[in-house]
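I grabbed these lines from Swiss-Prot:
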type: BINDING; residues: 212, 213, 214, 215, 216, 220, 356, 357, 361, 442, 457, 548; note: ATP binding site
type: BINDING; residues: 263, 334, 356, 357, 361, 459, 463; note: (E)-4-coumaroyl-AMP binding site
type: BINDING; residues: 284, 465, 466; note: CoA binding site
type: REGION; residues: 1-21; note: region 'Disordered'
type: REGION; residues: 286-356; note: region 'SBD1'
type: REGION; residues: 357-421; note: region 'SBD2'
């Protein structure tokens, strides 16, 4: 049973009360170590991620279900299909080890099959969101030297215009109709081609090129190896499942996250299949459809990003509680949840365990994971370091390593950390420093129990008269106002002060909340130097699909509003 109270984080300006450093922190090296025992990862240098996945034994039956049609395949059938499709891709399409193949696909039961088939051949997969523009697709195709793409009907023309060979992936699961309407895809999937030479794939070989979000700069191709994918499967997905009394094979997961993103891919294309779990795949997230799918398929686990959690909470308020009876856990990642949204969820679905986690594309989604118990809950935290992971909190001004309770840039190290950025040694050298430490760019701190809290991005820090202000701190104050639905804060240049905090506020309809009211409210809650100096009322806060605030868009709105008055 999930508790309904929130843990209040320690004052980040004060150090932990421990007289001696806790066992998981070294004051000499500044290294935080996972509180969990290290796990033994496969040592065979010639082990590929697909072989590692299917080497795990379990008692699971159904592997994948299409949420719309109910079409399903078992775990046994999945392994056979992956081998069969790999043979078709090898013989019909001529794909060989080292070839780069793009998946520009929406969520479907076919997605994991195609991905696993390709990397089992030693091919390198780069994924793209199917809603990508022609310019975005062109950039990635060019940078990755893509020669072949699997895509849905609406993107065939875009990819063909770029000189890429295209395989149109059917949206149907009626194989008789597929054989007539899409014979090439049917041939790859269903015909028998016999022997395929097994390539020598090393754990250090690149398996995937996943693109970072690019919310704070140009998107970059992240090189992930078979070793990285195995680490994600073992340290993120399988380890988390091992912490609960019920077996992973009894869980039914709802896959509404994009499978083309590292969060969805690590869970639904790799890790959960090794546990024998059942995955119900939705083409795209829709709150109304989610309610029906949870009830129909008795979903037990639902990984989400913040916008999905907010939509689910809102929809759940108008639905009979019995609909969500099967739901055990909702896990959120990609962006921190505000306290207001956490409280709202816990009040609406008190029987559901809510956890947050932390990971990056650059760490193959391995980082931290939340754990709640009857005695201890840290809903605002992103959890404890995963096994085999280490961290440092670094003062971004002096470079010194900081103890628990102090804010600094989070560095992480472990087997999930990427090989580097594609064709960008300068960016790689700036991000991976001092013997494989990944600089995350996130401001964070560990509390006295080893739980990690993400505060903000270093690039977003507002510098007011020499003081440093984290926008997320002010955003937390703003959304605590009963008449404010959502808020975001960014910096505006100021000759006298350097920068000043500007708040973008979404207020409740039919309220008379004024800019002055907002400024006064924040001023009553924070130190004088942290006050909001300007307020802009907006209808919505611009955010990425994963819920990250698009601060570049806020600055654009701010610039346009200033220009319009000149």
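Yeah, the Cβs are placed from backbone N, Cα and C, and that goes for glycine too.
Help me picture these features in the structure, burial and contacts included.
Under DSSP, residue 212 (ATP binding site) is assigned to coil, being neither helix nor strand in the three-state scheme. Less than 8 angstroms from the CB of residue 212 (ATP binding site) sit 219, 220, 222, 360, 361, 362, each of them six or more residues away in the same chain.
Over all protein chains present, the Cβ of residue 263 ((E)-4-coumaroyl-AMP binding site) has 23 other Cβ atoms lying within 10 Å.
Under the DSSP three-state reduction, residue 465 (CoA binding site) is assigned to coil, being neither helix nor strand. Using a 10 Å radius centred on the Cβ of residue 465 (CoA binding site) and all shown protein chains, the other Cβ atoms total 11.
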For the (E)-4-coumaroyl-AMP site made of 263, 334, 356, 357, 361, 459, 463, how many Å separate the two farthest Cα atoms?
33
Nearest of the binding-site residues to residue 334 ((E)-4-coumaroyl-AMP binding site) by CA-CA distance, picking from 284, 356, 457, 465, 466?
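For residue 334 ((E)-4-coumaroyl-AMP binding site), the spatially nearest of the binding-site residues is 356.
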Averaging the per-residue pLDDT over the region 'SBD1' (286-356), what integer do you get?
92
Under DSSP, the region 'SBD2' (357-421) has how many residues in helix, strand and coil?
3 helix, 21 strand, 41 coil
What counts of helix, strand and coil residues does DSSP assign across the region 'SBD1' (286-356)?
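Helix, strand, coil within the region 'SBD1' (286-356): 36 helix, 12 strand, 23 coil.
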According to DSSP, collapsed to three classes, what secondary structure does residue 457 (ATP binding site) have?
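SS state of residue 457 (ATP binding site) = strand.
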Residue 459 ((E)-4-coumaroyl-AMP binding site) to residue 356 (ATP binding site): how many Å between their Cα atoms?
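It is 23 Å, counting Cα to Cα.
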How many other Cβ atoms sit within 10 Å of the Cβ of residue 457 (ATP binding site)?
20
